[in-house]
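Trainee: I have a structure here, written as structure tokens, and I will follow up with some questions on it.
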Amino acid sequence: MNHSTEIILTIAGIVLVHGLIFYFLTRKSRLIKGKHVVVTGGSSGIGLWASIECVRLGAHVTIIARNVDLLEKAKEELEKRRVRDTQQIQFRSVDLSKSYDAVKTALEDLENTIGPIYMLINCAGMAICGTVEDTSIEDARRLMDVNYFATYYPTRYVLPKMKQAGDGVIVITASQAALMGIYGYGAYAASKFALRGLAETIAMEARHRGVSVTLALPADTDTPGFENENRSKPEETKIISGSGGLAKPEHVGKRIVQDALKGSFFSIMGMESWILSILCVGMAPWRGPLLCFAQFYLLGPLRLIGLVLQWNFQRIIKNCAKQRQRT
């Protein structure tokens, strides 16, 4: 390599580095002050803390869930955190999985009361664990209704309105189970994989119309839903999923809102989630030059780590099977 080539490569490297720095320093977050944000599953857990973050940022916030008592308590909590006297905080008790017409009627009423929905944060969901053959047909259908259709219906309502306005933010909260199948999560993972497909499709359909889509992939989080989930978890599932620790809902909720306002497609927390998102990136939308370079160079080495993890999961499953045979 001659001297002039070295100079050209050095200059190109400097320009690239400064370009990346400029990109991240100048990337702006959307503002939601004075805008209407709707959070489904907003009465507790991640949804409640996402709502709290939106209130902190000055938005008008509506939370939707089924349990009226929890909604009333959540509303009181949100009202304590108002940053402006004019902020409107309200709730609606709606079964989002019942029918599209019921959801449409509820959201139309909300828009007539407060105004157009600028940001929709889908956090409604549930988990029922068990091997595929041990999960009842009724539970499998219920998971699809609550996890997929309770997200699809409100998203289906706001999407054309956001496209017409040329602006809007949609958050679809899935799980790490949307990236890989895990023992004991068969029906649950299927409903979460469906959400990933929905998010990627909307991102392709709506980005050119000014609509941003974020797919949240939280790991195990300390919520009431997680407590219920643990009651049905097989031992293998507890060991495999427990390796990532337990996140706090306040951290996850805040992170989801911040990532969504920055226009990030994936919203993740922690090294394990970051590695998994790169391993399973597939045809996911662009998230900026720096991450794309990281994905390009790390995908091969991380695949080896993924194979080791899969081997370890199989070892856990075999050990648990042997223990059952002994007892």
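Numbering starts at 1 and runs along the chain as displayed.
The backbone N, Cα and C atoms fix where each Cβ goes, and this holds for glycine too.
According to TrEMBL, the record shows the following:
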type: COILED; residues: 61-88; note: coiled coil
type: TRANSMEM; residues: 6-25; note: transmembrane segment
type: TRANSMEM; residues: 264-284; note: transmembrane segment
type: TRANSMEM; residues: 296-313; note: transmembrane segment
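Neighbours and distances for these, please.
Mentor: Beyond the coiled coil (61-88), the same-chain residues lying 6 or more positions past its ends with a Cβ under 8 Å from any Cβ of the stretch are 36-44, 47-48, 51-52, 54-55, 94-96, 106, 110, 114, 124, 154.
Within the chain, the transmembrane segment (264-284) has long-range Cβ neighbours (under 8 A, six or more residues past its boundaries) at 171, 176, 179-180, 199-200, 203, 213-219, 243-245, 247, 251-252, 255-256, 294-295, 298-299, 302-303, 305-306.
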